[in-house]
């Protein structure tokens, strides 16, 4: 069966499971997962982190991580997706940049996008630092402004499904995989940790269907508070 079909079928089955999860269950798992993440030495040492901003339901909420990171004085960057003005050969039509979240007050001004994800306004983009060293969206340019003050130490990643081999299934847009490719091309590869509700974690007999463009995680935090590390 083609890989794309396998991924589509897995997303569909996981989506069905998540749609039946009580909000209280997600809240309880969020509390356990966030507590574990905040105790990780990689998180504590990180000065520049990227955190996905969570959907209203169906995944571990990250608002507690955002609050803590800003309180600890870390520089926090959040995803922003957009269509490229003039995609080059090998580039997708739409990409994701990581732009700086300046404060909790800044976060409160974000408006939900079509997924219900808090998103910065277009008018604010030109004043936000991006992780590759410049200001505003990159239009796919990664190393133009790269410096010692660019890059990420840690990236907290969402996903539809995860497995015991640290494979991750996204929502099918390829935003994170292409972003990580750009990080690697700029020699700025961050430590990648996924957050997974227990219902998103596949049994040992099952794995996420991956291809050559998919990136694996360095660590995975589960909704029961368990921390799993690659290579251990």
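Including glycine, each Cβ sits where the backbone N, Cα and C put it.
Heads up, TrEMBL stuff is auto-annotated, nobody curated it.
Listed in TrEMBL for this protein:
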- 7, 8, 9, 10, 11, 168, 169, 170, 171, 172, 173, 174, 175, 176: ATP binding site (BINDING)
- 53, 59: substrate binding site (BINDING)
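A separation of roughly 18 Å, to the nearest angstrom, links the Cα atoms of residue 59 (substrate binding site) and residue 7 (ATP binding site). If you measure from the Cα atom of residue 175 (ATP binding site) to that of residue 53 (substrate binding site), you get 14 Å.
Least crowded of the binding-site residues (9, 59), judged by neighbouring Cβ atoms within 10 Å of its own Cβ: 9. For residue 171 (ATP binding site), applying a Cβ distance below 8 Å and a minimum sequence separation of six or more within one chain yields 11, 160. In this structure, the CA atom of residue 53 (substrate binding site) is 16 Å away from the CA atom of residue 173 (ATP binding site). Summarising the environment of residue 173 (ATP binding site), the number of other Cβ atoms within 10 Å of its Cβ, over all protein chains shown, is 13. Sequence-distant neighbours of residue 169 (ATP binding site): residues of the same chain at least 6 apart with a C-beta under 8 Å from its C-beta are 7, 10, 11, 14, 159, 160, 161, 162, 208, 209. Here the Cβ of residue 175 (ATP binding site) has 17 other Cβ atoms within 10 Å, regardless of which shown protein chain they belong to. The binding-site residues listed here are 7, 11; among them, 7 has the most other Cβ atoms within 10 Å of its own Cβ.
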